[in-house]
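TrEMBL annotations:
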- 1-12: compositional bias 'Basic and acidic residues' (COMPBIAS)
- 1-40: region 'Disordered' (REGION)
- 20-31: compositional bias 'Polar residues' (COMPBIAS)
- 59-81: region 'Disordered' (REGION)
- 68-80: compositional bias 'Low complexity' (COMPBIAS)
- 82-342: domain 'Deacetylase sirtuin-type' (DOMAIN)
- HIS209: active site, proton acceptor (ACT_SITE)
- CYS217, CYS220, CYS241, CYS244: Zn(2+) binding site (BINDING)
- 359-380: region 'Disordered' (REGION)
- 364-373: compositional bias 'Low complexity' (COMPBIAS)
Amino acid sequence: MSKAKSSRDRRINPAGVTRVTRSSIITTQDSQRTKPADSGLVDDLSLMSVSEQQALLAREGKSYQSPSTKSVLSSASGSSVPREALGTIGRLMKLGRVRNIVVVAGAGISTASGIPDFRTPGTGLYANLAKYDIPYPEAIFNIDYFSDNPHPFFSLAKELYPGHHRPNYVHYFIRMLHQKGLLLRMYTQNIDGLEKLCGIPDDKLVEAHGSFATAACHLCYTPYPAEEAKQAIMNGNVPICTFCAGAVKPNVVFFGEDLPEKYFQHAEDFPKADLLMIMGTSLKIEPFASLINTVKSTVPRLLLNRDAVGPFERRPLRRGDYMELGDLSDSVRKLAEILGWHTEIQDLMNSHENGVCCSYTDPSSSSGENSDSSETDSMH
Ligand code: OAD
């Protein structure tokens, strides 16, 4: 096999990055209970921010209705009736009415671990990138910008590489969902690796925006040893592809890049969900944000976040939508208390964080793997 062919073949590669045809997303849209503002938005599978979508639609002569516009329109048509979100969802769970929970998460689940989110004014990562001298904040994760100048991302990557932070109560709550056999899948946008570190097994986790665990050339996708890439980046060097001499980067998904193959499991998972938990995300990035619209219309959706986001901005809330606004750790702890899990989560967290090996064997994992496996712990 020629080297060129073998490289092309690796586009569906062990690094987990793949090109998927347009038709697969159309199937997904067919199952959506509410279509996104413009279903064409998600025809392009690459990662896009809302502002990029606006530009795209403007180029195509279409109008874009922002979530905040939608909120204004819907609040004019009715007042909000507050629902006791945690009590209601807790009751459903205790009654055994919920068996397949899909968790959708963003940077807000890791702020309690000391990692800033992206968009919170003042403290978010995008408000603190002045030293990188980039044209606009999201350029640091833009693949075209990286192609021209990889240095800002590599400087930031030194801080972003996993190893400095520990999972917090929210991560362990999600692990407890798994341990109780209730977690169908967790879809995370986070690249901090804390989900794996707290013991959520690989087969329960979709890292939709990639991770630092693998690396590849940003041009030809030829895999590159992740540890060597890390060492080069930490030493201030640019790792270079041995095949095409392009810059190698960790397989964190950049704006303009395709999402990992595993992400497309959502087409099967979301229709099976009987509860959706949305935690710590602004729902500003497509195609991820639209995932939440692909559960069945009868399925309750619980938003745990500091602010109302996406479809939760509308008033009144859609039937079946629940939200608890405030600090995520507080909300999750309240839910854990309603469920009677709080002490168990604390014990799990203490034993795991103190390196005590739990005797727990995962009942729901098909492989029967132990969630405290050495693979999980060796990430750092
Ligand atoms: P954002 O920073 O956009 O949103 C985080 C959300 O979590 C905000 O609504 C915050 O108010 C909320 N939040 C933060 N801390 C919280 C806390 N302690 N309690 C409750 N809520 C809290 O982050 P994401 O939605 O994850 O992409 O951003 C999505 C993507 O945009 C990221 O994956 C990243 C970025 O560009 C890439 O890097 C490729």
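Every residue number used here counts from 1 along the chain in the order it is shown.
Cβ coordinates come from backbone N, Cα and C, glycine included.
Automated prediction, rather than curation, is the source of TrEMBL annotations.
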Of all the binding-site residues given, CYS241, CYS244, which has the fewest Cβ neighbours within 10 Å once its own Cβ is left out?
CYS244
Between 0 and 100, where does the mean pLDDT of the domain 'Deacetylase sirtuin-type' (82-342) sit?
97
I want to verify one value. Collapsing DSSP to three states, which class is CYS220 (Zn(2+) binding site)?
coil
Got a sec? Which of HIS209, CYS217, CYS220, CYS241, CYS244, the recorded positions, have CB under 6 Å of any ligand 1 atom?
HIS209
What is the Cβ neighbour count of CYS220 (Zn(2+) binding site) at a 10 Å cut-off, with all protein chains included?
16
Sort HIS209 (active site, proton acceptor) into helix, strand or coil using the DSSP assignment.
coil
